[in-house]
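Enquirer: A single structure is presented below for examination.
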Amino acid sequence: MGINFDVSRPKARSSINMITKFHTIGLIGKPHHQGTNQTLKRLHHWLTMQGFEVLVEERVAAELGPNIEAVDLLEIGARCDLAIVVGGDGNMLGAARVLARFDLGVIGVNRGNLGFLTDLPPDAFEEALAKVLDGEFDTEHRFLLEAEVYRHGMLKASNTAVNEAVLHPGKIAHMIEFEVYIDDQFMYSQRADGMIVSTPTGSTAYALSAGGAILTPNLQALILVPMFPHTLSCRPIVVDACSTIKMVVSPDNGENLEVSCDGHVHLAVLPGDEIIVRRSSERLRLIHPKGHNYFHVLRTKLGWGSKLF
């Protein structure tokens, strides 16, 4: 006897690629950007003509014209099966920090520069996206970080990051002093411009610019990258993703320190504060066109050499 699975309701969707069609699609983009608006208009028309219910993030909906259902990111997360982010990696990061708490897939259309997280071309997305919407896609889960600032033992601020959490001096560049602990075991003290704690996703971003190694996305690891350390022996270190990173700021530092999450959210840090960075329970479900190859992306985006023979 055959089993009849009802996939008509969005509630029944799975975190793996078992459902062949999406139902409700959310569009998210970079506000006040002409190229992004053009792509969003094409996407909205194309998806609507195919019978999908389409919701548009409220910051860009007003720029697309009338008869657009405008909602916030939380409603997109709650109602949609798929979110399409049009823009660069920064736009993807901003959306991902909100959408990771929901069970929906996220795919990107690149309207930025490198676009490590945005797979689809803006001028010819139809063919690849049609296959994705018909169930031909690869699913990849990326874990997030949770950063917390404690003062006198009390939690003062927290947020999540897809790429990295960075302890730095704030608006004025200067050396800061802090201690670093891994799972409550003292590792070292630092005199540096700051510290980057990065996920594998973020290893091709700020951490790479600071001399860190590239971690493949499937690794369950974190990389700690000191920023301009005042020593010749301090190098980036990779630790298990289950590790808890604690940074204790010296009381002798100035008062304008910050922890930045993906460069978007800034948490104020005072001398003597403790910063805890650990893996979040939230995961981003990235959707890629079938056959996505991470090393092809690296080779293309970073200008690596092609095959010799």
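Backbone N, Cα and C define each Cβ position, glycine as well.
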Enquirer: Quick check on the annotation: Swiss-Prot has ASP89, GLY90, ASN163, GLU164, ARG191, ASP193, THR204, ALA205, TYR206, ALA207, LEU208, SER209 binding NAD(+), so which of HIS152, HIS174 does it put in that site too?
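Expert: Record source Swiss-Prot; matching candidate: HIS174.
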Enquirer: Within 10 Å of each Cβ, count the other Cβ atoms and name the one among the binding-site residues ALA205, ALA207 with the highest count.
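Expert: By the 10 Å Cβ neighbour count, ALA207 comes out on top.
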Enquirer: Per the record, NAD(+) is bound by ASP89, GLY90, ASN163, GLU164, HIS174, ARG191, ASP193, THR204, ALA205, TYR206, ALA207, LEU208, SER209: how many Å separate the farthest pair of Cα atoms?
Expert: 31
Enquirer: Is SER209 (NAD(+) binding site) helix, strand or coil when read with DSSP?
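Expert: SER209 (NAD(+) binding site) sits in a helix per DSSP.
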Enquirer: Ten-angstrom check, please: count other Cβ atoms within 10 Å of the Cβ of SER209 (NAD(+) binding site), all chains counted.
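Expert: Around the Cβ of SER209 (NAD(+) binding site), 11 other Cβ atoms lie within 10 Å.
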Enquirer: Tell me, if you would, which residue among ASP89, ASP193 (binding-site residues) has the fewest other CB atoms within 10 Å in the structure shown?
Expert: ASP193
